Amino acid sequence: MKLQRKNGLRAAALGALVVSGTLVLSACGSDDNSGGTSGSGETTSAASDIKCDGATGKLLASGSSAQKNAMDLWVKNYMAACTGVEVNYKSSSSGEGIVAFNQGTVGFAGSDSALKPDEVEESKKICKGGQGINLPMVGGPIAIGYNVPGVDKLNLDAATIAKIFNGKIKNWNDPAIAELNKDAELPDKAIQAFHRSEDSGTTQNLGKYLGATAKADWPYEAEKKWPAPGGQAASGSSGVAAQVKQNEGAIGYFELSYATSQSIPTVSIATGAAAPVDATSENASKAIAAAKVKGTGKDLALELDYATKAEGAYPMVLVTYEVVCDTGNKPETLDTVKSFLTYAAGDEGQKVLSDHGYAPIPAEINAKVRETVAGLK
Amino acid sequence: MASTTPTDSLPPTPAPPVTGLNSKSTGRAGDKVFLALSRGSGILLLVIMASIAAFLTYRATLAISENEGNFLTTFDWNPAGDPPVFGIAVLLFGTVVSSIIAMVIAVPVAVGIALFISHYAPRRLATPIAYVVDLLAAVPSIIYGIWGALFLVPYLEGLNLWLDDFFGWTYVFEKTEVGVARSLFTVGVLLAIMILPIVTSVSREVFLQVPRMNEEAALALGATRWEVIRMSVLPFGRSGVISASMLGLGRALGETMAVATVLSPSFLISLHLLNPGGGTFAQNIAAKFDEANEFGRDALIASGLVLFVLTLLVNGAARLIIARRKEYSGANA
């Protein structure tokens, strides 16, 4: 092609380059929706309870993108307090984090779901004399956002959600939805259900919830891959949220922060409690409080009570873990890992979570996490 | 290059007869060095290509040997499952169908634009149009993707409903599922727009090379302008247009980000082209790569190899077609 014929064309090409370059750059920014509140003001105030005991050098970590915003805050505060230490959390995905951990390239990994037995087996090669364990650090609600003009409040129960997402309920004025929303004017409009197109921890946690509470209507395994037939797919939480925002009659699931940042209304869940529960980080904390530790030894993998009927407990939650070795951590990063995770699991580390749409880990479990972190070898 | 120095320093002797690159009779150092250099680069390229191919094939066989489903016919992609099951049926279908749609739309339009620029438009109009079309090729595909998702999809919804209303009886254009126009048809339209510049600009160059004599002879016989185009321009340019289309088809087959942004992927084959769903090789790799474990990546590499073979077949077929029409090719003019 003869692009170089005239200067006028060069100018036009340059202009196009600038325009498209700006578009590309602005597109890259779409992932970060923590909502500019993480200003530098907190950095100084949070420095108080961070202990840098012996932490030096560079700590690499990688994994779940669900806790990216929380991790960014922690890393920023921590590095401001402990000069000379560099913590680098690469937010990729749970699977990638665990793979990196088991290859010994990172100090710890972040994951949306606890290690599977074969992954624990593999971790014994890296953790000399020990094994990989899960430390719950960050909780959060998965919100179901919808776009139905004229309906400001929508209540659904697990069975209805399951039927909507696997195509059994096709219209917004379906009797099952009307039964749960007596006051709402439901339009005669087709439901467009959106799910994630790529493998996702959010999908898996939604599957765990629906499998635990509506087994009859959701007979699928809780995998990272979307299991149900039909529906439409979009890439990433931001993609699903954008589609819900754009299309009337749409419904989709994503972490709460995506709904608040784009002001998408979210579904309240009829759990069997006196009133349907809204998706908020406090309500998610109440549900996580009912969790039990199912891990043995130092492993603190949680078993969440998805069927909770406690007042104000939002049951559709996810918990992300930091994966470390109980014994046999790499000596060069051990002190930094301990110091950093002590801060993250500490009072201040947990407190910053709720300001950013996440849910802190309940005190009882959190106490065990701190104890375990202190005993890492 | 260093190889020019010894050649320059030689005394002016009568030049020996040039007998080609492989001839060893010249005995000049520069020629030898150059021969060795070019032969070495050629071999190096082949070795690199062969080792890439070997690596990919090795990784692909690792994945395929563990696959519990049939690699060619399974309508699923779950290499992380237990047992791992994955197959390329949906991807192959989606890649081929969306590319065919793109070709059906783009090639006639591109030939039309090329003819307009080369034979109809006044020069003052033709040049800027040609520039604009060329400029379209410089837009990165992710920009087409964003534009497609934000602008094309909402607008194509109307076209989709219209097609459903009037051509629903064709089965292909029957829309049986609700949902926005994030379908293979929309992807085809977007791909058509993306391959338009390359097809247009190559076709235009070919049409401009039609020997003036042919056209003037036709005009002298009393042909109208359309008859000239039909009798001399199109036959002359046919092989060039075919090569241009194949270049475009290559882009359509391998397009990744635009498809991934616009399509609503699913692992079901539907001949209802307006329904959301389907997938293509490149889109699937882009969507699954991040979360895939090592085995999942091997599986994606295996699917990528199929795309490679598909592209190779298409290019081979194109070369066959062009070879049969060699007498018309622009190179002989």
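Yeah, the Cβs are placed from backbone N, Cα and C, and that goes for glycine too.
TrEMBL entries are annotated by machine, without manual review.
Note that the structure is a prediction, hence the values are computed from the model and not measured.
Annotation source TrEMBL lists phosphate binding site at A:Ser64, A:Ser65, A:Ala66, A:Ser94, A:Asp112, A:Ser200, A:Gly201, A:Thr202. According to TrEMBL, the domain 'PBP' annotation covers A:55-348. Under the heading signal peptide, TrEMBL lists A:1-27.
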Given the binding-site residues A:Ser200, A:Thr202, which one is most crowded in terms of C-beta atoms within 10 angstroms?
-> A:Ser200
For phosphate, with binding residues A:Ser64, A:Ser65, A:Ala66, A:Ser94, A:Asp112, A:Ser200, A:Gly201, A:Thr202 per the record, max Cα distance (Å, no decimals) returned as 11
Count of other CB atoms lying within 10 Å of the CB belonging to A:Asp112 (phosphate binding site) | 25
Which of A:Ser64, A:Ser65, A:Ala66, A:Ser200, A:Gly201, A:Thr202 (binding-site residues) reach within a Cβ distance of under 8 Å of chain B?
-> A:Ser200
Given the recorded phosphate site (A:Ser64, A:Ser65, A:Ala66, A:Ser94, A:Asp112, A:Ser200, A:Gly201, A:Thr202), which additional residues of the same chain have their Cβ within 8 Å of the Cβ centre, ordered by sequence?
-> A:Ser93, A:Ser111, A:Gln204, A:Asn205, A:Leu318, A:Thr320
For A:Ser65 (phosphate binding site), the number of other Cβ atoms found within 10 Å of its own Cβ = 26
Per DSSP (helix/strand/coil reduction), A:Ser64 (phosphate binding site) sits in coil
Have a look around A:Ser64 (phosphate binding site) and count the other CB atoms within 10 A of its CB, chains all included.
-> 28
Just how many other Cβ atoms lie inside 10 Å of the Cβ on A:Ser94 (phosphate binding site)?
-> 27
Ordered by sequence, the long-range same-chain Cβ contacts of A:Ala66 (phosphate binding site) under 8 Å (at least 6 apart) are A:Asp112, A:Val138, A:Gly140, A:Gly201, A:Thr202, A:Glu255, A:Leu318, A:Thr320
Could you say whether, by DSSP, A:Ser94 (phosphate binding site) belongs to a helix, a strand or a coil region?
-> helix
Provide the number of Cβ atoms within 10 Å of the Cβ of A:Gly201 (phosphate binding site), excluding the reference atom itself.
-> 24
